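Worksheet for the structure shown next.
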Amino acid sequence: MKRVYFIGIGGIGMSAIARYFHAKGFNVCGYDLTPSPITDQLIKEGIEVHFSDDLNMIPKAFFSPTDSLIVYTPAVPADHSELTYFRSNGYRVVKRAEVLGEITLMERALCVAGTHGKTTTSTLLAHLLKQSHVDCNAFLGGISNNYQSNLLLSDKSDLVVVEADEFDRSFHHLKPFMAIITSADPDHMDIYGTAENYRDSFEHFTSLIQSGGALVLKYGAPVNPRLGSDVSLFTYSSDDQQADYFASDIMIRDGRLFFTWHYPGGQLEGVELGVPVRINVENAVAAMAIAHLNGVTVEELRSGIASFKGSHRRFEKVLDTERVVLIDDYAHHPVELDAAIHSVREIYSGKHIMGIFQPHLYSRTADFYQDFARSLSMLDEVVLLDIYPARELPLPGVTSRLILDLIENPNKTLVSKNDLLDYLHGNEIPDVVLILGAGDIDRLVIPVKQYLQTLC
C-alpha cells in the first residue's frame, strides 16, 4: 500500500489518521463537504483536499486497487459517488475506526470512552505522558492547545492514547490495554435505539481490554464491566471518597484551581489545574490515574496538570477583556450544557451571561429538546440557531423552536446562522458570551470575537 484516500478527511478523527499516514511517508489526499480550519491546516501540511463529490478531482495515482486504501467516516452518506465507486471496483474500503484499530493493535492502547469528557480526558492523559519520562503517541478527538494538533507521535514509546468513539459502535474495533469510561448517559439514539443498548455497547467495550490491563471507571456510572480475570478495575470520582481515585480540598481562588489528588496508597496535595474549571477536576483525576498506572511519577503529574492548556472548543476562553468574555464550548448534550453553564455561573458569578446554542442533529433534538430547554433556562439570555443536520435529513416537526418554546426565560430568540452577527450588532452585549454546539457554529467564533473586540 502506497496511498491512502480519505472520504470525510476534515473530521477530527479522520484528520488525525490522515496526518499519521502522511507522517509515515504515504501519499495522502481526501474529500470533505466544506472547507474548515482543519482542512486549511491539512492543505498547509501538504495534504491535498477537495470539496466536490467528483471522481475527476481525485489524483490519477489513487486509482489503483492494489496500492490504495480508502478510509471513510460513517457520517458520509451511503450513496456518496466516490464511496460507491471505490466499493464497486475492488478497492479495500474501511471505516475510520477499523484503521485506528489496526494502527493501535501492535501498541499498548490507552482508550478513553464516554458520552462526555473523553476529549479533555484523553488530551490531558496524552499531555501527562508526553511531558513525563514515559512519553506516548496519541490520536485525539480535539486539537490540543499544548501541541496544536490532534496527532502526537513518539519514537520511543509504545503507548498510544486513543479517544474511543461510541458512535456507530466504532470503539468496538479497538483493543485497549487500559481504558477510562467517563460516563454512559444515553446518546446517539438513532444508532442504538434504547438506553439499554447504549450501555450494553460500553459493557462490550470493557470486554475488549487486554490481559494484564485495567479499567478506570467513573464511580456510579451505569456500566457493569465484563472484564477478564486478570484485568484490574478501579473507580474514580471528583469528590466521592468511596472511589479508588478522587479529589478533595477543591478550591478556586483568583482564577486558579487547586485540589488534592487521592490514589491507592497516597495523596498529592496542592495540585494546580492549568485549565481552572471545576468540571475538569473529574477528568484530571481519571487521566492522572491511568498516567500513574503507566509509570508517570507524582511530581511529573503535578507539573503536567499545571501546564495543561486544554483543547480547542472545550470550554476555551477565546476573548478575555474587562468589557466582555467569550467562551467557546463543544457541548451538544444536555449534561454537557449543564456542566458548561454551571461552570460559567461559578466563575463569573453575578455577571450577565448570554448563550448562543446550535442544536446538533434532528434526532438528538427530538430526544432531548426538553432537557436542552431546561439547561438553557439557566442563562440570562439565549440565542438559538437552527439545527445543524450533519448526516441527517429533517424530521417532521423537529426544529429549534421546540427548544425555544420551553425555555423559561423571556430573553430568548431564534436567529439564522447568517443573521447572528447582525443580531449581535443590534443588541446590548452582556458580560459573558458562551458559544455552544458541535456543528458548524465553530466557524462563527472568530467573527463573533472580532466584533466583540470592537467594543473593548
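Glycine too: its Cβ is placed from the backbone N, Cα and C atoms.
Copied from Swiss-Prot, the annotated features are:
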type	residues	note
BINDING	Gly114, Thr115, His116, Gly117, Lys118, Thr119, Thr120	ATP binding site
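Known features from Swiss-Prot, placed on the structure.
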{"residue": "Gly114", "record": "ATP binding site", "contacts (Cβ under 8 Å, 6+ apart)": "Thr121, Glu166, Ile180, Ile181, Thr182, Ser183, Ala184, Lys218"}
{"residue": "Thr115", "record": "ATP binding site", "contacts (Cβ under 8 Å, 6+ apart)": "Glu166, Thr182, Ser183, Ala184, Asp185, Pro186, Asp187, His333, Val335"}
{"residue": "His116", "record": "ATP binding site", "contacts (Cβ under 8 Å, 6+ apart)": "Thr182, Ser183, Asp185, His333, Val335, Glu336, Ala339"}
{"residue": "Gly117", "record": "ATP binding site", "contacts (Cβ under 8 Å, 6+ apart)": "Thr182, Ser183, Ile279, Glu282, Asn283"}
{"residue": "Lys118", "record": "ATP binding site", "contacts (Cβ under 8 Å, 6+ apart)": "Val112, Gly141, Glu163, Ala164, Asp165, Ile180, Thr182"}
{"residue": "Thr119", "record": "ATP binding site", "contacts (Cβ under 8 Å, 6+ apart)": "Leu140, Gly141, Gly142, Glu163, Ser311, Arg314, Tyr330"}
{"residue": "Thr120", "record": "ATP binding site", "contacts (Cβ under 8 Å, 6+ apart)": "Gly142, Asn280, Asn283, Gly310, Ser311, Arg314"}
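Within 8 Å of the centroid of the Cβ atoms of Gly114, Thr115, His116, Gly117, Lys118, Thr119, Thr120, where the record puts ATP, the same chain has further Cβ atoms from Val112, Thr121, Thr182, Ser183, Asn283.
Following the DSSP three-state reduction, the secondary structure of Lys118 (ATP binding site) is helix.
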